[in-house]
Amino acid sequence: MYSYKRCLAHWSHSSCSFNSVVNEILQRELAKGREATLSKKDVGIDKAIVREVSDAVKLPVNDVTLYPEMHEFTCVCVCVLFFQETNEQKLFKIASELLHTEKAYVARLNLLDQEFCAKLMEEANKGTFPVDVVKNIFSNISSIHAFHSQFLLPDLEKRMGEWDSKPRIGDILQKLTPFLKMYAEYVKNFDKAMELLKQWTDRSPQFKAIIQEIQSQEICGCLTLQHHMLEPVQRVPRYEMLLKDYLKKLPQDDPDRRDAERSLEIIGTAATHSNSAIRKSENLKKLLEIYEMLGEEEDIVNPSNEFIKEGHILKLAARNTSAMERYLFLFNNMLLYCVPKFSLGGPKYTVRTRIGIDGMKVLETINEDYPHTFQVSGKERTLELQARYSFSSINTQYAKAFQAIIEIFQQKNESFKNALKDMDEVSVSKAELGKRAPRWIRDNEVTMCMKCKESFNAITRRRHHCRACGYVVCWKCSDYKAPLEYDGNKMNKVCKDCHCILTGEAIAEGKKKGILEIEAGQFADSSIMCGFLQHSEKSKIWQKCWCVIPEKESLVLYLYGAPQDVKAQCTIPLVGYSVDDTTRPTDPPASFHISQSKSTHNFAAETEELKQRWLKVIRVAVKGEIPERPETNGSGVSDNNNTEEASTDNT
């Protein structure tokens with residue numbers, strides 16, 4: 001409630017005419033002897049007074065309400081006026097929001113710099129994992145943190161403290177513009193940082209443990225490191241949005257307009273460069289959500305995965321056509337077919353099947369008992385599906401989404417094939433090779449080496465250009481040099497094919513492969529035991545490896561980086577090794593060791609059961625005997641995963 005004096009004091013910043021009008025109206029109403037009722041709702045609003053005040057003071061009055069106030073048993077009617085927010089107040093509000101969000105942003109930068117980065121760097125200095133990995137993940141976050149915490153935030157706090165005498169922010173934000181290059185570097189490195197983060201979380205238990213320990217703290221707000229690393233990517237567009245709003249409210253003749261417009265021009269340019277990264281970050285946020293919903297399912301948080309659609313669906317069983325509730329996640333390259341989990345906490349769904357978009361077909365089906373169904377057929381599985389609510393429009397949406405992704409996928413594959421064909425047609429002829437500069441194929445036009453067809457990645461298989469034909473090739477296929485006439489016969493990097501043509505030296509293709517040069521994929525259907533294990537030799541760091549004991553070489557253990565690698569990292573002839581299945585205090589759970597002379601290899605399985613299966617096979621092999629293939633060979637993939645569901649199946 002407002003007393004008469006408080007009412008006038010509250011609006012003392014207004015004009016004298018306003019105060020005099022309010023005073024005159026109040027005195028007049030009291031002189032009439034108007035009786036004040038005891039409740040606010042009974043007083044009501046006198047519309048005549050509203051119009052009178054509004055006309056007199058020429059201010060946008062929204063409401064005039066009569067409040068009763070009891071004082072010494074005398075009711076006094078007080079007129080309280082509600083005004084629209086003034087322009088000055090709006091500008092102050094925007095500046096306050098800038099300061100508030102800047103404080104929160106600096107706290108997030110401190111978390112990234114002083115918690116995540118500092119603790120990972122401390123562990124890296126012990127030799128647990130490479131220091132460069134931590135540096136490449138966090139890029140220049142320390143510089144960004146220092147600028148905002150030591151310069152921009154203190155300036156904003158000081159300005160808000162003296163706002164009455166200096167109501168402006170354009171000059172402060174103009175100080176930000178020279179430092180926007182730091183953001184360009186951070187955004188450019190963002191994809192690489194996400195890839196490294198995923199890679200080393202999988203490879204190093206210590207790396208993963210440090211991140212999980214910090215993420216569990218209250219300061220992290222139940223968010224992952226990836227979520228926090230998105231903040232700098234999104235910050236510059238936030239400045240742009242606030243500045244645009246500020247300029248809309250700022251009068252044309254305001255002294256701050258010139259500085260604010262200059263700041264907006266430069267910040268707007270920087271924000272444009274961040275937009276594509278923001279779109280990627282929004283997709284990454286969704287991938288992180290799905291990753292948590294699926295209980296940390298492998299290979300979900302991957303920059304190449306683009307989320308398309310999700311939703312409940314009914315799966316029709318093959319034998320009795322009963323409908324079972326399932327959940328789908330559709331991406332640009334795969335479909336995840338999931339089963340709901342009925343638990344109070346933790347993962348919401350379990351992935352039952354992954355179906356690749358490559359080779360997928362979608363067909364409408366006719367089922368009298370279940371109308372509006374459609375069939376998704378892939379290399380891995382065929383599913384007959386129907387929306388939970390039998391609306392044809394919903395099914396049409398699903399079918400269209402599937403079909404659109406399939407078409408895009410096919411177009412990309414066809415474009416790649418056509419590009420190779422076109423490049424062959426327009427490429428430099430053998431007679432002209434080295435005599436004129438070729439057209440370089442753009443990096444973004446290919447995803448794999450144009451010679452060996454191996455996929456590129458940012459770490460181990462980067463893109464290189466052959467200076468003779470212009471093809472994009474990997475380091476293996478470009479590890480040759482030849483003199484090029486168009487470059488003054490200087491030695492240039494060329495691919496192996498061009499090297500043969502230019503030098504006349506044949507590269508032996510049919511030479512016998514070394515013992516390590518056996519593709520892991522060859523053992524997919526002919527292994528006694530295969531699967532992922534953590535591996536550490538002597539006291540080196542633990543790394544995740546794809547381990548295989550092939551049927552043809554049943555006394556040898558092959559270690560690969562991944563299931564489709566073309567070359568093993570190392571091989572271990574098992575005969576003569578001793579086996580120790582005790583778990584040491586410093587080792588991960590479910591670990592075991594094999595040793596011979598001075599050579600010791602440490603392994604750790606995901607579960608104790610899997611450990612025992614590996615030990616059963618290895619203990620036979622070390623004796624020089626041929627081990628039998630277990631019913632489940634360790635890969636976690638059954639032999640009949642392409643079969644349809646039975647009516648009693650819970651898949």
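Glycine is treated like the rest: Cβ placed from N, Cα and C.
Just so it is clear, the model here is predicted, and its values are computed rather than measured.
TrEMBL annotations:
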type	residues	note
COMPBIAS	632-651	compositional bias 'Polar residues'
DOMAIN	90-277	domain 'DH'
DOMAIN	306-407	domain 'PH'
DOMAIN	443-503	domain 'FYVE-type'
DOMAIN	526-623	domain 'PH'
REGION	625-651	region 'Disordered'
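For the domain 'PH' (526-623), the predicted model reports an average pLDDT of 86. Counting residue by residue with DSSP, the domain 'FYVE-type' (443-503) contains 14 helix, 16 strand, 31 coil. In terms of DSSP secondary structure, the domain 'PH' (526-623) contains 14 helix, 43 strand, 41 coil.
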